Amino acid sequence: MHPHEAKIRVTLSPVNIISLFLQLCAYLRCMMRWWPNFHLLRCLRLRVCTRRGRSRLPLWLREICAYVRLLVRSLYFNALTDSDVVFDSVFEPVFWTVDHVTRWFGMVFVCLVVILTSSIVLIAYVVLLPLVLNTYSPVWIAWHLCYGHWNLVMIAFHYYKATKTSPGSPPTVKNDIPFVSVCKRCIIPKPARTHHCGICNRCILKMDHHCPWLNNCVGHFNHRYFFSFCLFMTMGCVYCSVSGRNLFLDAYNALERFKHMDMEKPGVPTNYQTPPPPYTFKDKMIHKSIIYMWVLTSTVGVALGGLTIWHAVLISRGETSIERHINNKERKRMAKRGKLYKNPFSYGRLNNWRIFFGVEKRSHWVTRVLLPSGHAPYGDGLTWDIYPSQFGTPTLIQF
């Protein structure tokens, strides 16, 4: 095969293997139809080759071997073949399995988030709220009631919007929108910052990643909802962990004391009635629920807090998780040439945050960031604009 003929990148996938196998079977069936006509000629050629002292395979077998060799070479020989193509071809079955399993488990993860969050809210209302009303001062009661309900509303609103809002996909009809490449799976033009999601099986505008806890991709239209959910969930977990630390210690010590009392209970004579224990089943359940709440919120707060900080850094730099890896490779490539690479989608840290949250004036930091807001992000995800750094009415400038 001439190198100039290899212009299309071929990947080793189950569909390619089945197609090549069917072609080989069709070729064998065609050869078997002509078997009686060429039988005598093959025998004569074998005899001639034997008389000449040479041991050659039959022509039909050599043609099959050549065809199989060509098929095998077509799987890996390509002018555009590199390590990435080989890696994708070898691990294509693994990627396919992971994508389908993640797609199936998406609803399971969503149900798990809802159940765990609901359990914490139930414990807060049934166990903690009576304790707060009976022990705290009116000022602290008002603080806990206001902050707790505000945080709960922000978590529920942003999680619902992140799961139900489509991240956005490029149009499939012909248009004049500029694009940077063509998706090899969707076979449609891809605008800047657009990537293909194997789990959703479509291209996503400004794709960050596919989140199984949302059962949805994080893209242009729901990126703000995803980050706000992570931020307020982390704040809620830290709030429960810090404010419930003393309750956790008291509950843990109480359970240890109950366990110690059960172990030291002496034998009871048969002529006397067993005295009731100094604690009830309700007391045990209250203490265990407090321990469960503190352990769960502390663990989630640490894990989700690290993820939130990482995404905050990416937002400050004006890039997504996928663009982080792409920009790092581009920086190294430009550094070898003695040049400095600059992210074309970064407009400064403050402007990056303003664009991300859709802040046009100072009051929007309250109405669009600290309060539930369903406003759409800037742009359509197909072209990218920016406005000046001054507060006021934005004037779009094409980049």
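All residue numbers here begin at 1 and follow the chain in the order shown.
Note that Cβ sites are derived from N, Cα and C of the backbone, with glycine treated the same way.
Here is what TrEMBL records for this protein:
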TRANSMEM  12-32  transmembrane segment
TRANSMEM  104-128  transmembrane segment
TRANSMEM  140-160  transmembrane segment
DOMAIN    181-325  domain 'Palmitoyltransferase DHHC'
TRANSMEM  225-244  transmembrane segment
TRANSMEM  291-315  transmembrane segment
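Each residue of the domain 'Palmitoyltransferase DHHC' (181-325) gets a DSSP state, and the totals for helix, strand and coil are 82 helix, 16 strand, 47 coil. Predicted-model confidence for the domain 'Palmitoyltransferase DHHC' (181-325) is 88, expressed as mean pLDDT.
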